[in-house]
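K.L.:
Here it is, the structure, as structure tokens.
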Amino acid sequence: MVLKVFFPLCCSSADSGILIGRWISEQSSAVVLAVVHFPFIPVQVKQYLGEVQRVTKVSVSVLGSWSNSKQEKEESLSEFLEDLGTIFCHEPWIQISKEGDSKFWSCSTLQKHSKNPQEEEIILVYYDQRKVMLSHLHPPLDTAGQGAEDASKLSAIFDTVARSQVLFMTDRYDEGPVKLTHWQSDGVEASIIVELLKQASVPACMLLTFLLSLVSGICRSRVLKFWPLSFLWSKLSTCEQLGHRLQHLQVISSSKKAQNQNQLMRKANIFVSLLIDVALGILLMSWLYRKNRIGHLADTLIPVADHVAEELQDLLQWLMGAPAGLKMNRALDQVLGRFFLYHIHLWISYIHLLSPFIEMILWYVGLSACLGLTVALCILSDIIALLTFHIYCFYVYGARLYCLKIYGLSSLWRLFRGKKWNVLRQRVDSCSYDLDQLFIGTLLFTILLFLLPTTALYYLVFTLLRLLVVIVQGLIRLLVDLIDSLPLYSLILRLCRSYRLAAGVKFRVLEQQDGKPLRLLMQINPLSYGGVVQMYRLPTYSCYPRDSWASLCKKLFLGELIYPWKHKGDKQN
């Protein structure tokens, strides 16, 4: 039988005493948590361990004795340590002794109450108590079989050390009857700044909770459910991002304590994400308002809009002629070209009508960057959508006209084959047509077929322009989602204190000596950066369509409208 003893490195220089910890019978393992050194009274030690067990719900007991003799080992001390096994009554009674500065310790077990005592092979595993207590073990996501069993064994050891935090609150400066040696025996780690922030966070969270409840009450009011406001709230990226950040603020300011490590990490990731987002937004705002960059941006916006309109006019003039040598239907070509040219004329008039107010609008829009860089990027996406609204209109007109002709041709093609579409049963059924229906169907099919190339060319050109705008908005949306979903606190923790995010452990074999127990050093394997992002990634409000290339090409061929993304609750056409 192999007995594993997990011994903390911080106790290797402790004075002689008794070992307290937890015995895990399923694994034949003893997790040493601290050393109670002499002098002590056994009754007081038992009372103290009872209080610790009541608070931590961990079966803490006396596991054995620890002897650290600077000089030669005394027989009286050895006998006294053996007699302690009759007082505390633990099977097996572990005896660990260190002689001088030797790296090789003697380790043995006593089984006084066993009828058939067996000689056990002992493995001494050293571990860093501070790192194990502060770390959070993340088992692999695809654990199964033996891997899941090993993960459960490791989690029992990590859980034992983490739940025994009350045991580490006493140090050598306490005047209690029990003197302990553990990782905080030289003094409990504390920070005045952290304590002040904890005291100040309570009224700050109460005030923030009240303000957020007021804002959320206004957002849930019936005024915003009327048609114009509800439509704008659901379509503008800025409104969606503000609602998303409002939910984040409610999570942070909640007085409800985190139930587990994942909820705590989620709150920390949201807080750091908000902090960095606002910091980047303030930097952007300071850059915009320096050296009158807002005025320069407003002065260049109108010429850029005029240049885009002129390019569109030249494109339409090219389509109204003989584009790429193609023979178009001249009547339909002239009607469509003049129709779109009139829209461009209206758009230019609209831009010049707003030109005196553009600088003031940009000035107030720049102030919104103090709410965060993501809000500023969403406003930029909405501004691009408004400035290219005429391109969107061209795309919708061309797509609807092309879609109408495609569905008309498909319906007339079924007429030639003696079939029709059954609306009630959603299938194609056979049908008999008379001569007049076939004659009219032939005329309509011929007209639609010869007008299709002209319509398809306009649809193709405007679809390419729409896709260009969609790509720009999609890149902005990806950047916003990256800032929203990236677990920055977890990544910083992985970079600075990688042991806090443990994916597992590895055992390094130390120098051995004949007649001494096997010595292993337990080291923590940190979680990979990809695993950190996968495990702690924050949810976003936009869900990207998972269309394949075949589905996308089918939609483009049939003239269905495409969007860069769709919000939750929206139906894609």
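From the backbone N, Cα and C atoms, a Cβ is placed for every residue, glycine too.
Found this in TrEMBL, in case it helps:
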- 200-219: transmembrane segment (TRANSMEM)
- 270-289: transmembrane segment (TRANSMEM)
- 335-354: transmembrane segment (TRANSMEM)
- 361-388: transmembrane segment (TRANSMEM)
- 394-416: transmembrane segment (TRANSMEM)
- 437-461: transmembrane segment (TRANSMEM)
- 467-492: transmembrane segment (TRANSMEM)
K.L.:
When you scan the chain for residues with a C-beta under 8 Å from the transmembrane segment (361-388), skipping those not six or more beyond its ends, what do you find?
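P.N.:
The answer is 236-238, 240-242, 245, 274, 277-278, 280-282, 284-285, 288-289, 294, 297-298, 301, 305, 354, 469, 472-473, 476-477, 479-480, 483-484.
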K.L.:
Cβ pairs under 8 Å only, please: of the recorded stretches 270-289, 394-416, 437-461, which one is richest in them relative to the transmembrane segment (467-492)?
P.N.:
270-289
K.L.:
Sequence-remote contacts (6 or more beyond its ends) of the transmembrane segment (394-416), Cβ cut-off under 8 Å?
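P.N.:
Cβ under 8 Å, 6 or more out: 339-340, 343, 428, 433, 437-438, 441-442, 444-445, 448-449, 451-452, 455-456, 458-459, 461-463, 465-466, 557-561.
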